[in-house]
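J.: I'd like to ask some things about the structure below.
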Amino acid sequence: MSGDVAAENSIHIQNGGSCEVVQSNGVTTNGHGHHHHHHSSSSSSSKHKSSSKDKHRDREREHKSSNSSSSSKEHKSSSRDKDRHKSSSSSSKHRDKDKERDGSSNSHRSGSSSSHKDKDGSSSSKHKSSSGHHKRSSKDKERRDKDKDRGSSSSSRHKSSSSSRDKERSSSSHKSSSSSSSSKSKHSSSRHSSSSSSKDHPSYDGVFVKPEPVSQQLMHSGSVDAFQMQQLGSYEAAAAGTNFNGNGNVAGANYKNGYEESIVDIKKEEESFNNLSQASSCDYSMSQFRADEPPFVVKHEQSYAEEDSTMNYNDHDDDADEMNDDEEDVPLAMRKRKQEATDRPDGGMDNDDDDDIPLLARKKVKKEKIKKESKEKSKKRVKEEPSDDYGNVKPKKKKMKKEPEPAVSPGKRQKAKAKVEEEEVWRWWEEEKRADGVKWSTLEHKGPVFAPRYERVPRNVRFYYDGKPLELSEETEEAATFYAKMLNHDYCTKEVFNNNFFKDFRKSMTPREREIIKDFRKCNFQEMFNYFQAESEKRKAASKEEKLIKKNENEALMKEFGFCMIDGHKEKIGNFRLEPPGLFRGRGEHPKMGMIKRRIQASDVSINCGKDSKVPSPPPGSRWKEVRHDNTVTWLASWIENVQGQVKYIMLNPSSKLKGEKDHIKYETARRLDKVIDKIRATYRDEWKSKEMRVRQRAVALYFIDKLALRAGNEKDEDQADTVGCCSLRVEHVQLHKELNGKENVVVFDFPGKDSIRYYNEVEVEKRVFKNLELFMEHKKEGDDLFDRLNTQVLNEHLKELMEGLTAKVFRTYNASKTLQSQLDLLTDPSATVPEKLLAYNRANRAVAILCNHQRSVPKSHEKSMENLKEKIKAKREAIEKCESEYHSRDEKKGKQLERLRDQLKKLELQETDRDENKTIALGTSKLNYLDPRISVAWCKKHDVPIEKIFNKTQRTKFLWAVHMADENYRF
């Protein structure tokens with residue numbers, strides 16, 4: 001490495017103490033301009049950085065003055081570790097390069113436009129001697145350091161006279177914090193930049209020099225050569241007449257606002273790009289560079305950490321005072337980072353390693369980090385007390401990698417906040433249960449949200465009767481739109497639906513309209529249908545901004561009306577919106593389908609809230625039907641709907657305490673049944689032989705409820721759908737076969753179950769049950785009840801005698817959960833993959849769904865989704881074949897790829913099997929209503945299956961109590 005310096009600068013001292021540094025590249029720096037900028041916004045972070053670097057460079061500059069050799073290259077750097085262990089002559093050579101780099105650094109600090117204006121006026125002093133140049137550049141550097149150590153927010157930081165700044169200083173005045181000492185301080189140690197490790201402080205003539213927390217590599221404290229170099233540097237500094245400002249800091253160091261953003265531009269510094277070692281031993285502050293020059297930024301910025309050392313130094317009393325002032329300038333965030341930087345395994349990167357790092361790799365510092373540190377500079381600085389145990393041991397400094405703090409976007413903050421709110425769960429299951437029937441002590445809510453008023457369709461959207469447009473009244477038009485919106489639905493093809501609608505449609509008409517509109521077949525709703533279809537498409541094609549506005553409106557409504565306060569806890573409401581007017585559909589083949597559901601008014605609604613709570617306000621100009629304070633019920637509002645005359649409720653969300661408690665009690669009751677089920681089964685078997693027909697019918701019905709998980713079945717009125725349960729079975733629903741398909745005593749059930757879903761099952765029963773059924777069906781014709789001496793009320797009273805809280809639904813819940821538990825034990829292979837375990841779980845779930853007759857029609861999208869899945873499987877198989885053909889000539893990497901492809905194919909094939917098996921089975925119904933969720937939670941925990949694979953978000957929220965309660969050893 002050459003120690004020559006080619007850059008020649010001249011310094012013009014102004015009367016006010018300002019100076020201009022003119023370099024060969026023509027860039028001029030005005031000291032006062034930068035000084036003022038630093039005064040307004042500099043941070044302790046940049047102060048510390050610049051000071052430590054200046055001291056490192058100026059330590060070597062003293063040898064530059066004694067050696068006449070100079071180089072023509074800027075930004076040269078040498079290995080500092082090599083400097084520390086070489087002879088003093090060779091180390092001075094390397095120091096010369098650091099000095100040269102420092103001179104170049106000064107030139108780069110000139111980023112203001114005024115520096116370019118003074119370019120021509122100062123170019124005449126370019127060709128001075130090399131030693132003179134370094135002397136003056138050091139003088140300029142001292143001024144900047146002096147300015148730096150004055151406070152960033154107080155004007156008193158600049159009250160040193162210009163004469164003290166203009167004093168002649170030697171180029172060796174700046175020592176590194178690890179090697180500098182003055183004639184008065186013989187062994188001043190290098191103080192750590194972190195407040196926790198500040199034990200020995202360098203002092204010059206009794207004055208403390210502030211270091212900075214940057215990744216400068218320090219001299220090994222145990223090295224004798226390094227110590228000799230320190231003392232030699234101290235004596236040379238004293239001989240050169242080194243001066244320091246009154247604040248105890250090297251004068252000079254003009255910086256801009258902390259770390260300024262600089263755009264990396266490699267082409268503008270080709271010399272630095274060619275010499276990768278230039279940035280290795282010198283970490284520049286971002287403010288040292290012009291905005292148009294590429295900064296030398298180390299990839300992993302580092303800070304010091306305290307370590308043991310074997311070299312002892314003596315402290316001066318004034319060091320402790322300077323430490324106190326110094327810590328005041330350190331931002332709290334910076335001190336925190338210093339304290340945390342303790343665990344880097346490699347102990348920092350030495351200079352040789354630094355030299356090996358490509359320049360591009362060292363320039364990857366995020367702009368976000370720079371901006372963040374700039375913001376920290378504007379914060380109020382917190383004074384930190386100095387450590388009382390300042391020892392006389394110089395700690396060895398270890399570089400630590402500083403992880404950049406990730407910038408959090410507003411969206412992520414909102415998600416994080418929402419996550420925190422979700423984690424703040426009301427653990428009601430850990431509270432003591434109340435046995436007095438009281439559901440809550442305090443309840444407050446805002447009431448329901450009413451459906452919006454009807455907005456008439458545009459005048460060009462018309463209703464046609466008998467081919468002619470007909471203008472309708474507002475009420476009649478609204479009724480017509482109800483039907484128009486469903487025009488493409490299957491309901492509109494049903495005669496019952498159309499007849500019921502037209503009957504109510506005529507009720508909404510004016511007398512004149514009623515005279516004209518008499519035949520439903522002449523009504524034409526097509527134009528209205530087209531309008532609503534176009535509106536639907538328009539909503540789907542809305543811009544992101546429009547959708548966001550709508551979303552925000554819904555969220556605001558949810559925030560206001562979607563929550564209530566119950567016993568001091570915020571709970572979500574399930575259906576806070578009242579049902580809008582429309583056409584009644586009903587479940588299954590309901591006889592009232594198509595009837596018009598009228599608009600609900602405030603006068604129809606009863607409110608339930610706490611006595612001491614604020615009663616919800618009704619819409620202006622109206623009043624509630626009733627305000628109640630009943631804490632034995634869980635509903636918040638109720639009304640009677642006009643179609644069936646049933647009471648409708650606004651209830652809490654399934655994830656609420658009241659709903660969760662109800663579920664918990666249901667499953668605990670089913671678990672209690674497990675303890676007495678054998679006794680109950682023995683009882684109804686004995687009753688098959690009873691002399692009373694009533695007892696026999698009850699015993700056979702209970703057998704079917706237990707074995708087939710049938711619903712009890714209530715009697716239906718004529719205006720209700722004809723669905724059948726166990727007690728309401730009729731003769732036509734049951735067929736008896738002495739032998740069928742190789743089975744004996746077979747009973748064939750075929751009847752419409754809940755939601756008019758067909759229940760068909762061929763069951764082999766015990767011989768005594770078969771004979772009893774033959775007895776029950778004697779002398780009965782089609783339409784007669786099979787169990788003519790039994791109803792649900794009688795059955796439930798008997799069940800309560802067998803066990804407290806026992807109902808037909810408890811039997812259904814018990815058998816469903818018991819089936820799931822046994823099927824999981826049977827089908828789950830602990831060594832299987834997660835997809836295979838999921839297939840086993842779905843098969844167990846499907847067994848329950850079949851038991852409970854949870855069927856569904858094949859989804860319309862099933863065929864298309866299966867085709868897509870088969871295409872994926874085909875493509876995956878082709879990829880495997882191609883990979884196998886290349887495998888023999890490939891390395892191990894190809895083998896891993898082949899294994900991965902096979903796993904993916906297996907996963908797709910399992911998915912295809914699972915989807916096809918479940919096309920007519922509704923797994924969700926049993927999962928939500930009949931299966932103890934703790935069984936699934938325990939299975940997931942035991943077999944390392946993510947709970948998200950079993951329960952979706954809604955189900956996880958509903959069963960949060962189960963997730964917290966159950967461990968892997970839970971058994972139903």
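Heads up, residue numbers simply count up from 1 along the chain you see.
Even glycines carry a Cβ here, placed using N, Cα and C.
Look at Swiss-Prot and you will find Tyr930 tagged as active site, O-(3'-phospho-DNA)-tyrosine intermediate, backed by sequence analysis. Per Swiss-Prot, the feature compositional bias 'Polar residues' maps to 11-31. Annotated compositional bias 'Basic residues' per Swiss-Prot: 32-50, 125-138, in sequence order. Annotation source Swiss-Prot lists compositional bias 'Basic and acidic residues' at 51-65, 72-86, 93-103, 139-151. What Swiss-Prot records for 316-330 is compositional bias 'Acidic residues'. According to Swiss-Prot, the region 'Interaction with DNA' annotation covers 711-716, on the basis of similarity to another entry. The site 'Interaction with DNA' feature in Swiss-Prot is assigned to Arg539, Arg587, Trp635, Lys666, Thr723, Lys754, Asn796, His854, Lys872; the stated evidence is similarity to another entry.
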J.: Between Lys754 (site 'Interaction with DNA') and Asn796 (site 'Interaction with DNA'), how many Å separate their Cα atoms?
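T.: Answer for this pair: 19 Å between alpha carbons.
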J.: Lys754, Lys872: which of these recorded sites has the sparsest Cβ neighbourhood within 10 Å?
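T.: Counting other Cβ atoms within 10 Å of each of the recorded sites Lys754, Lys872 gives the minimum at Lys872.
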J.: Which recorded sites (Arg587, Trp635, Lys666) fall within 10 Å of Tyr930 (active site, O-(3'-phospho-DNA)-tyrosine intermediate) by Cα distance?
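T.: Hits: Lys666.
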J.: Whole-number Å distance between the CA of Arg539 (site 'Interaction with DNA') and the CA of Trp635 (site 'Interaction with DNA')?
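T.: Taking the Cα atoms only, Arg539 (site 'Interaction with DNA') lies 34 Å from Trp635 (site 'Interaction with DNA').
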J.: Hey, of the recorded sites listed (Arg539, Arg587, Lys666), which one tops the CB count within 10 A?
T.: Lys666
J.: Which is it, of Thr723, Asn796: the one of these recorded sites whose Cβ has the most other Cβ atoms within 10 Å?
T.: Thr723
J.: Closest to Thr723 (site 'Interaction with DNA'): which of the recorded sites Arg587, Lys666, Asn796, His854, Lys872, going by Cα position?
T.: Arg587
J.: Does DSSP put Trp635 (site 'Interaction with DNA') in a helix, in a strand, or in coil?
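T.: Its secondary structure by DSSP: coil.
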J.: Please report the number of other Cβ atoms within 10 Å of the Cβ of Trp635 (site 'Interaction with DNA').
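T.: 18, counting other Cβ atoms within 10 Å of Trp635 (site 'Interaction with DNA').
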J.: If we check Cα distances from Arg587 (site 'Interaction with DNA'), which of the recorded sites Trp635, Lys666, His854 wins as closest?
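T.: Result: the closest of the recorded sites to Arg587 (site 'Interaction with DNA') is His854.
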J.: Could you state the CA-to-CA distance between Lys666 (site 'Interaction with DNA') and His854 (site 'Interaction with DNA') to the nearest Å?
T.: 20
